[in-house]
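Report on one structure; see the data block that follows.
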């Protein structure tokens, strides 16, 4: 029985008061039970109702067995993933509230909302904030997607010497004064606050709260709306008449509570789009324990990743769980709540994420990180040809030493995901746009007749060119120059082209508030691309190469005390630091970089051994620790300097967790800012979530001509990867299909311009699956 209310959500949560309803909340479930006597040849012989009134009619052992089955909680109840909400810290009481300056300028605020407007621009909006000191009404800040207010209230705060920091949102003031949105612009608060004396402050401006009603959306409601609607129409193909489909490889997955990130990745990997994995894990028959791939006992099946992967892949590719089709995805489907048609991957989710600090929770996660972690986990579990081999590629870096123009070629460890930065400077332009912000109209107008906002467009070729462009590396240490430091120019190319190329678009950047924000940009991605110009060529005739390190002796990992730059040491000592501490700092950063050494000093001057004499031999304890961490200290200091909000120990831990990949380490740090210390503490019990391929695979990497076809998309709706919703679009038999959790339908307009992850298949492998799977 449908019990949904149809009310809008006001909280970022699922299955909680004020949040989005889970499917289980929409229905009252009525269960009946029967004791059935069956015959192998003829099936059911007799069916007897079993309930409180009839249970005593059965033998005691039968009743006990029946009760045991009925009362078994199962993993669905044990994990209890139904309810989730975004963790919200209590709003602090502003320290400026009690002694807030009040400007007695005679300003009184009208009780009629129609009279309210931004005093800076004259605009009438739903985003007006009242300054509680001088009565100025100004527009709020712009939202992350460009919508929102005029910024008038914040501009006024700056224009008045930052003396009047407290504001309240007009239209959120009601009899219950605690529900009003209050904000502090003060730099040491800069966030939502509680103002205990708000009622008295409002009365000074003529605002009597008794009888006032809420007339605009609160910031929490707007956040939910933005998460739910940003790019939503394009990604979910709103307005299109989507025709439902069902069958092998066309099976939806139940959302377990913010598990759409997992559903999207699983559909891409195990749902039949990659024939090698469908063959390896999907075609196992009705009893997965009989598959020679899985030599496990029945008692350990629930905790075995390969068993659960085979079980889930079989369910997705067999069509056994497909329900009768409604006329369209918008039509109410009575079978949608029937458990026999619902595929809930609880055991798979549990076995993959049970010991992971993020994926073991009921919160939304980054689909790209989950993809990499899943490959790593499957490789660790599988004794044969590893899954990641299908996606594995290596890159070759060409380093040119600025000191003598000698060239060094260096091959990277294998990776499984190509992460591309979006160069906004290369956005396409439209006539009339400002030259520094080039834009292209996504559509002429929306359904309501209003012109849609213009969105910048960047091509995937521009992203690839930015990835492969020459970069300068400062402070590169050259063994052939007796470990002297010299600048280098580096270019990167593909050493091989994998069978499947997973491209990750870096759609998030650090905003002015030091939080990751989504870049509002379309990516122009054709269904066929060629990467042949990005293939590495190796050493060429006539190039002067750096001598092999074995010919000049192995370079020391860190400088000794006797090789430190004396000028750099003097500069540090002149700044007032102890000589021993300065020596430790210089050795930690390579021996001569004063700026990097200063950063190290600021991070470590509280260490117990900072001022102690260096151990005899050469290297300081600090340097030894850095060396033992297994990460490049140059990369550590570069990230500390560029990111600006993390210390060296935090960056070092993230790099170690991400196998030295700087981009992914930065993403990991930003995604764990709210509870970084505990996340780092948990890393000791978590396998590295890197994208490097398991070393146990000795199979040569695949290669081809570099031409690729687009076969899959994973798109994200929302302001950051820790919230919102994920949807997958996959190409099945030449047609695009949308997988929106349990909804599966033919896609009319796949959102190739909005995707977060793109799956490409090398053209020469289409129709020719790898025989080793």
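Backbone N, Cα and C define each Cβ position, glycine as well.
From the options 506-533, 534-561, 562-589, 590-617, the stretch TrEMBL describes as region 'Disordered' is 534-561. Among the ranges 429-454, 455-480, 637-662, 663-688, the one that TrEMBL lists as region 'Disordered' is 429-454. Note: the CA-CA distance between residue 260 (active site, nucleophile) and residue 118 (Zn(2+) binding site) rounds to 40 Å. The helix, strand and coil residue counts that DSSP assigns across the domain 'UBP-type' (92-212) are 20 helix, 20 strand, 81 coil. Sorting the domain 'UBA' (563-604) by DSSP state (H, G, I as helix; E, B as strand; all else coil) yields 31 helix, 0 strand, 11 coil. Taken residue by residue, the domain 'UBA' (630-672) breaks down under DSSP into 31 helix, 0 strand, 12 coil. Mean pLDDT across the domain 'UBA' (630-672) comes to 75 in this model.
The two recorded residues, residue 118 (Zn(2+) binding site) and residue 725 (active site, proton acceptor), show a Cα separation of 34 Å.
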